[in-house]
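What TrEMBL says about this one:
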| type | residues | note |
| --- | --- | --- |
| DOMAIN | 94-328 | domain 'Sulfotransferase' |
| ACT_SITE | 103 | active site, for sulfotransferase activity |
| BINDING | 208, 216 | 3'-phosphoadenylyl sulfate binding site |
């Protein structure tokens, strides 16, 4: 039936489908003008989900910023309308997700994966890389109460024509689509929403030393023009409000985490998420943010990639992610891509006292993460020695995490499987496979190393 559809039915339907797509594009170009109230609503909702966007325009000055805003809002509205006019042709939700974490190389990983002829991201604004990578659907880009609609979510992704082109014409294997919104992993309520869309989806978590990731996030927002009410570049003080977990903050995020798929998101959620230090640091407690996904997804459908390893071996890491999601890694047309936001610190540095405080803050969740994954990533403890000493019980005498996680992990050192040793690991007994750093795949088949999009 599939071959009959691809090689007989689709060629017959092709002229009509192309006319449909052309008509939708032409109508969508008029939509921002003819449906001006709709344009205002759509863009307000996007700005609610991504509250840093107005700062980008303000940073450019009144004249240039106004032109940028008009161009962006026109293009965004036209794109959303075009996608909804062709919604019957958009039948699928993602096969896999890069769910997190921010400033851990997600943009670069997504860009490398899209070098594969069978992998696509969003059908977004092709001149705006982020909008072909990140939907922000689950954090309210189409509205605070529209984060569970399967039809609305389908609108983001390619049409059946793209699947036909990849599978029947180019014969590149199964067409795979992804959503690489890195904030999904930071918002606990997203796990159930993602699972309801596709309970068999593959998940990729990019991990990085959370101290570096937190500072990188601050620098990114400042470079976008955001006037943050805090900074990690100033000295740490006693009872520093940047590092105080108030009862109100804890209660607020517990309520957010408990949101059900049909619940409307709180009015102040995304501003608190992007612009408060507690939310930023909470995101870096990776082991806690991973738990909701372990509840809703099979362990064999989850993979972890460490940032430094990805930077060191981008091609090998990309191929192993491709193998994990079901694409043929041999078809990857790999080429080195520009390093994203690398080098944009502009001489700015985290204050040493803040660095020490954050290292202490993240030490305990990092140890629990190592215990869960059965492997240390070598992030440093408060004294500058490697945390691996805590895992292995080596010099330093630190405490070993109380109980290894009962999840079995498999690490493979080579995507082809030739000459690679397969190391089955559990709890604190993880080690490298074939003498090399690897990506960790939670399950019965495999994965390993690394690129750069963070400061």
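Note: Cβ is positioned from N, Cα and C throughout, glycine not excepted.
Sequence features, as recorded in TrEMBL, placed on the structure.
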residue : record                                     : DSSP (3 states)
103     : active site, for sulfotransferase activity : coil
208     : 3'-phosphoadenylyl sulfate binding site    : coil
216     : 3'-phosphoadenylyl sulfate binding site    : helix
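Rounded to a whole number, the distance between the Cα atoms of residue 208 (3'-phosphoadenylyl sulfate binding site) and residue 103 (active site, for sulfotransferase activity) is 8 Å. For residue 208 (3'-phosphoadenylyl sulfate binding site), the Cβ neighbour count at a 10 Å cut-off comes to 26, with all displayed protein chains included.
Averaged over the domain 'Sulfotransferase' (94-328), the predicted model has a pLDDT of 95. Within 10 Å of the C-beta of residue 103 (active site, for sulfotransferase activity) we count 28 further C-beta atoms, all protein chains included.
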